[in-house]
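These come from TrEMBL:
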ACT_SITE  Glu288  active site, charge relay system
ACT_SITE  Asp292  active site, charge relay system
ACT_SITE  Ser559  active site, charge relay system
BINDING   Asp600, Val601, Gly619, Asp621  Ca(2+) binding site
DOMAIN    212-641  domain 'Peptidase S53'
SIGNAL    1-20  signal peptide
Amino acid sequence: MRFFPSLLVLVPELAVFGTAATFPSSHVVHESRTVDPRNWEKTSKVNSSLPIIVRIGLTPSNLHKAEDSLMNMSHPDSINYGKHWTAQQVTDTFAPSDATVSQVLDWLRGNGINDTRVIQTENMGWLAFVASASELESLVHTEYFHYSHNQNSKTVIATDKYHVPEAIQQHIDYIHPGIRVSSGRGKIQRFGNPGQTAQWHPNGDLAHCDQVITPDCIKALYQIPAAPSVVNAKNALGIFEEGYYDVKEDLNLFYQNFSLSIPQNTQPNVSFVDQALPAVSNPYAAGEFSLDVELAYPIVYPQKITLFPTDDTYYVENSSYDSGFFNTFLDALDGSYCTYCAYGECGNDPDLDPIYPDSNSGGYNGTLMCGVYEPTNVISISYGLQEDDLPVAYQKRQCNEWLKLGLQGITVLVASGDAGVGGPAGYDSTNGCLGPEGKIFSPAFPNTCPWITNVGATKVYPGHTAFETESAANDPSTGFASGGGFSNIYPVPQYQAAAVARYFETTNLPYASYSGEADLNTTSGAYNSSGRGYPDVAANGDNIAVWANGRFALEGGTSGSTPIFASIVNRLVEARMAIGKGRLGFIAPALYANPGVLNDVTNGTNPGCGTEGFYTARGWDPVSGLGTPNFPKMLAYFLALD
């Protein structure tokens, strides 16, 4: 394990204990499963003398109060609105209690594992030590086996169940190795459609916004004024990227043709996360990279942009169907996340996440970057997977970290996806949908986490102008439709409950639904009516003008919508800072409390899974959320808040 490379040298001669066939009456089963995980086969029993790195995740304190704390500072009616915490306050609030640490250590001492063998992480989240297999089996009264993956060469150590003393069970989140093995299946998606060459229209031509979306079209759609000439140097817009691409020449061509007010050679700052090489060669990906920056700069300039290209060339170019996502990025922003424990997950997942140092060609040879960058006030993310692609515990642990960023005043906006109510085809499903017949809608990750703000896509339909309300983005020729739907993991959050209920009351959907943790192999429903709905908002995401790879092209997708909305939020933060107010943090509750600051979208659907998908409606809907930005209304609203 990369967190404790020196653990093996800390172990004294290991005692050999026999594995107990039964467990004492003072113990209880802590975790168990009755069937082997999919694609994994139990092979041989672990050799009793094999040294194993053991991690005990300690139960965090106050986790049950996290949602209330976030809402207390995010809802506009709260007297504590905008009173965000420091990173240290967040760490201290959720660290395991002293009683938790001491009682678990007492248990280890009583089983011959003394303090000199145990390491506690800096954030106090978990304990680690090395034990022989037989010593570990005696400690938790079980047997450990090797498991082999039937589709690749991976092997792991796991068990069917294990036991801990009932008196301290409340203090233990989980023990690794335990019952869990990786079940990741998704392939990382950049939400966007490949650019196509198009007829070039001059800068400032608003007559063709139904064909080509230029910076002037965006400013007209959302009534965005020119940015102030003097800005706060600490208020840069953050943009997450997978890998890094040199697009300097494309940016200069874009400025020359569409944004003459931006000087040539204006470039974003770059904060590399676990990067080995400064550039990756991929023409399509480079176009997507250009899209983010070319959409953002005309809105925020002279504000700065900070890119966070994440993971080395090897992992970027070899992302597979069992990849995790975003953990290394979050590690770099919050050092405590590198060892944070929740839901049976401690630190990064070695079966899903990149491992550093990376000895592969193009690999990053340094150690995992933990807490090396301060988060920007606003972060735009145009990547994702599907909920069904990753273990639930993996997603929930990460969702807690998005919540913690919100507690610190960071606004995170994520693209809602480009496949309507489904996911991309070709992984475990020919149409990207769930269930044995591929008829169940597939919600996206990390979008369904309630503590991020999701951005769907709209477009100016042919024959319409930038001065009219847009429609939901839906392009049958490419299969692009604004992603949206309902979570199978998270229930509808408090701040969204009334809006979701109103949608179901006023919209006649032709699909049956299910509720809660339904069996997707047997349910006749198409979506979870009790789940967190997304997107929350929307912005234009089709026919967007870019310069990429030296040519003019049109691109689309929620990967365009998200940097637009994020740039507007960054402008709002700038305006607040100019009058001595703070950043906005988790912005969704304030928008749901006053949806009139957005342009309601009531035309269109988001097809997928062989259906029309969901319908737009007055108010919130799972196609366009609450609607698109109205900059003057949003500015007045957020300037008035404390």
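Backbone N, Cα and C atoms are what each Cβ position is placed from, and that goes for glycine too.
Ranking the recorded positions Glu288, Asp292, Asp600, Asp621 by how many other Cβ atoms lie within 10 angstroms of each Cβ puts Asp600 at the bottom. Annotated pair Gly619 (Ca(2+) binding site) and Asp292 (active site, charge relay system), C-alpha to C-alpha distance, rounded: 28 Å.
The closest partner of Val601 (Ca(2+) binding site) among the active-site residues, by CA position, is Ser559; the full candidate set was Glu288, Asp292, Ser559. Of all the binding-site residues listed (Val601, Gly619), Gly619 has the fewest other CB atoms within 10 A of its CB. Each residue in the domain 'Peptidase S53' (212-641) has a pLDDT score, and their mean in this model is 93.
Here the Cα atom of Asp621 (Ca(2+) binding site) is found 20 Å from that of Ser559 (active site, charge relay system). Within 10 Å of the Cβ of Ser559 (active site, charge relay system) there are 29 other Cβ atoms, across all protein chains. Under DSSP, Asp600 (Ca(2+) binding site) is assigned to coil, being neither helix nor strand in the three-state scheme. In the three-state DSSP assignment, the secondary structure recorded for Ser559 (active site, charge relay system) is helix. On the backbone, the CA of Glu288 (active site, charge relay system) and the CA of Asp600 (Ca(2+) binding site) stand 28 Å apart. Report note: the Ca(2+) site is defined by Asp600, Val601, Gly619, Asp621, and the residues of the same chain whose CB lies within 8 Å of the CB centroid of those residues, excluding them, are Thr602, Thr616, Ala617, Arg618, Trp620, Ser624, Gly625, Leu626, Gly627. Between the CA atoms of Ser559 (active site, charge relay system) and Asp292 (active site, charge relay system) there is a gap of 7 Å, rounded to the nearest whole number. The separation of Asp292 (active site, charge relay system) from Asp600 (Ca(2+) binding site), Cα to Cα, is 25 Å.
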